[in-house]
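Listed in TrEMBL:
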TRANSMEM  20-40  transmembrane segment
TRANSMEM  52-78  transmembrane segment
TRANSMEM  90-111  transmembrane segment
TRANSMEM  118-138  transmembrane segment
TRANSMEM  167-188  transmembrane segment
TRANSMEM  216-243  transmembrane segment
TRANSMEM  255-281  transmembrane segment
TRANSMEM  293-314  transmembrane segment
Amino acid sequence: MSTDTARFGSATSMLGERWLMYLAVLLVLLALPFVTSPFLGSEIVVMGIFAMGYNIILGYGGELSFGHAAFFGLGAYVTILVTEYVVANLYLAMVLSVVAVTVISAIFGYLSLRRRGIYFAMITLALAQMTYTIVFQWSGLTGGSNGLSLPTTEAPLGPLAPLESDLHFYVLVCVLFLVVFIAMTRIVNSPFGRTLKAIRESEDRALHLGYDVNNYLLVAFTMSGAISGFAGALYVALFIFISPDLLFWTMSGEVVLMAIMGGIGTLVGPLVGAAVFILLSDTFIGITENWQVLFGLVIIFVVLLAPEGIVGLVKERLFDSGRGFSVQDVVDRLRP
């Protein structure tokens, strides 16, 4: 009886946690345009999609990549180039862009996953910087340091045409975010997702059980790159103009910080991390030219207080310990 009760309690807790996760996502999406503006809210959601894609390889695959700026930036550049030279329809251009980035991410993954750990991270960084250099130097096609602008606003979806208004675009990216979020939820809780997490915990054990670890990680890396490219396509639809900076290694660093601050290995964490990162950056830039110093202090504080991220801390307090927060909890976490 006690075993059945424990199982029921565990299942109830998991169900409650999942519904709370869905509720948290909806509340964040509903609040953003009122807390900030539809435009800034759109940027947060787009970067949340980027961080969600990155979270597949870091949070669930356990591999740190410094090359995802390449996929994000290429998603933006290919979208513009397709609308310029192939088809004027923005949505079709986005689809073709994601297909192209998926192929490129599979190639990058195949090359990078020959090594693990810091060597994997360095290979992804090198590949991304090579991509950045090509885009920067190929000025005849990419505009070089001058960047490119989106040449069309044709997007036939009636009132949800993304360039019609900031609010319409925000609604559109929220819908797309939810589609990606639901797909990610299904993937993470599928046999593939559970195997991926097992590889993250112990690659040797997964190998001994007969799993093809390289293939699992390659699929995860490719999915991660594809979603990152999709976010890049949405980014250019929002900002209209892009530059090679989107492919620079600092952009990879930003998405790493978003994932860590929100909580790696969580579904809600990327959106929370993107919101915190962008809102704090926007606030600190208005305060001082040396805003990076303030932001660095915040990152240190978050990592010390919540090493599993903001969402990880909330999950721990609400579900694992069964009690809320207190000032003493903060003091205990900051104590050496």
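Numbers here mean position along the shown chain, with the first residue as 1.
A Cβ is built for glycine as well, from the same backbone N, Cα and C atoms used for every other residue.
Counting Cβ pairs closer than 8 Å and at least 6 residues apart in sequence, the transmembrane segment (20-40) and the transmembrane segment (90-111) reach fewer than three and form no contact.
Below 8 A, the CB atoms of the transmembrane segment (167-188) and the transmembrane segment (90-111) form no more than two pairs separated by six or more positions in the chain, fewer than 3 in all. Per-stretch counts of Cβ pairs under 8 Å to the transmembrane segment (118-138) identify 52-78 as the leading one among 52-78, 90-111, 216-243, 293-314.
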